[in-house]
């Protein structure tokens, strides 16, 4: 049989399709003979043709992988012996490679200990004096360990000792390569006992990699992945060597003679080290050397006659794997993980040098650098550098070089996204510049236009009511592009911009709604391939419109939108399109939940399929593609494909972004739909929850974050259902959910490695407690566990806060995102305070307060001081409405007063604002208990009022006085305080506090009508009342207004006359009706 088999395999390698098909048919026949195993063994060892030997090894491997149970014990044993013998005799590298892979599959079924001959061969060959034998031994080792790292665990110590020797074999680069691959494979599985051995290998590893780079850059690039593994699974191994590793990576990054892929690996390794160990990078003074290497890379000109990928006309927006792109990412990572003060001191000289250069690519580099700082250092830029940075960007928008103008547009887009609300205040300067770009819409290259739209959209999205004067011109431009543009990309940009405009304009967009909807419907019913991205965008914008133009306007379209979405998911198989239909469904559930309810079965089905799908996930297994045609035909399915049980670590997964986004949006949408549709969603809650719960440890952080968000939404949805229909079954279902979700949240707060995920979890947990109140806190010990998790974040003890290592946290400075994480945790304190009886929460609050108060010190940043005092204020505000709150607030007052009094004198308006609010909340919560502190508070407020210029602080001061009056009227000298209060009305910015003012005025009017009437003689004071009336049409206020109308007819009438028509008529009717 073996000669026949050899003939068939030889014909498979011929360059003739007909011959190959004929041979394949014969091969399938041959596979039905039980003697196929020995026959393949004979060909694998005996054929003269290396291609045929290799094919036989591959066939055997597939046979073993799929049908191990069908192979008789004798055949198994002989196969194990033959393959080891073949390896020792083989001279061709490709065949050795396939033989090693066959061994790897055999080990999967046999385990190393049941194949002592393999261990013996490995031991003998890797230590041989013959370099060729050592290479073969290490190739075999890398394959068998690489695909089964865990069963080899007992041998790790021995392996690491071997690697220590092999890494010194600098003249045998192939041996170095296989050695490093094996080390990479076992890293994730090593335990503490192997740590020291691993650590001692790092210096040898660096030298070995330098030699490997000289010999083979592709192999070196793959071997560099050892650092990714080391950093991701056990960063403490690399910390002692961090300076050497960074210097090694900088050498590679700076060497333009090396391949892009090697330089990219080196730069990304630096970025990961900054992400995981920024404190160590700073402590070893590595920031300056990194910047010295990174800046020339990010500002280098492309080769003559070429452009940077992002400047090419048909840039497909894919992230280009080039050193320049990764150099910018290094700066981005610094901004996200380093304290802004430390970073800017060293970074600004480099940026300024670039911006003032004659070379356009250096100017572009400076702008790209500014752009990526915006996200991580937002507060620092907003408060200290915004106008100078914006001036630079505006200047660059009219640079004579398009490369520079494009970078300026990108920077403006980034600023608009991350530096709100401050950037929007510059609309008068920026809108004409942006509009100048749009007016040239048909003459400009579309690639450049895309960047102009990016900047415009981000800017418009956050403008709010300020968009009004620009709306007519903007909509004329957009609608004209929708109707007339030849270019589909231009239409897509206009559709996207309309979504951004809608976010700002809200109901102001209603007059333009009919023509917009006509266009969108046209795009959504055409299913031709070239319309795909335009359709995706149209769905996205439709979702925005649903949420912004108002229920009355959108509701009539809701049912049609749901049908459109369902038709598209049926007709088109595209993850981006599905993702946008999910967003549309959740927007409709917000506006018109009843429309969605009947369609929940198909909607949840398609979403759960997205969550379950492994589409777009590729496991990188070395499969020889040419034999795929044989792969499944001969499987009888008796054994299932064993590759599915491959340990996840031994496979590298790559997932296409579109599928990641689809899963993320499916989670978000399911959570929102469950909450909005309430009882209609009940039949789907359990299956949805299970599917979402399984994603809580998904490899990609965006999906994890969305899964945690949806789990929180499911709890809130179930709570709402129980509130509306308080049956025992609904109550039990709620507690069953909470018992799974809260522990899962708390575990991830401590263990997840990504700050963004942990922030999402804290936000979700706060929302659950806010909604469910005490119901969420029934489980024994749960309050203590939540408080401890908050404490761990405030003390920086969680995994995502770069714990461990030898860097002491000696200074107050931290990256803004680290501070933001602590803010999310701090927000949980007032949330807990409002959900529990004050005495129950008091011991935990007592532990948490010192951590919050420590951030109010003058040496802390404005953001920290504002957060600290804001949290204290919100917590006191929570105590107002819970049982026992007054006593607890009284007990805390002596500790809190000094901090709040200092805060009122702070140089930062936001800190003053929060301090004033907190003092008012203290007075309201503690009441007469703090009567003795009233004189101090009043004199402090009186001083502040004489010099305060910030309108929001004055608004909050009025509200604080009102809280003091209502809480303990005897403590306030009304003759002096009331006129001062009235003089500050109406409120200018903090309209939320109108309710407080209103409550106080009606309270005073019932106590002392003469006083109120005596001081109401200015038109302004009346106006503030009239505005209150439109906020709260309650009878007490009417009584008050009628009283005033009688006593001060003239002033009252002039105030009424100054109102807009509709309000004026409403007011006159209300006051004259008796």
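Our numbering is plain: 1 for the first residue shown, then up by one each step along the chain.
Heads up, the Cβ atoms here are built off N, Cα and C, so glycines get one too.
Quick caveat, the model's predicted, so the values are computed rather than measured.
Within the listed segments 236-257, 258-279, 280-301, 302-323, TrEMBL records region 'Disordered' for the stretch 302-323. Taken through DSSP, the repeat 'HEAT' (896-934) splits into 35 helix, 0 strand, 4 coil.
Confidence for the domain 'Importin N-terminal' (23-89), expressed as mean pLDDT, is 88. In terms of DSSP helix, strand and coil, the domain 'Importin N-terminal' (23-89) has 57 helix, 0 strand, 10 coil.
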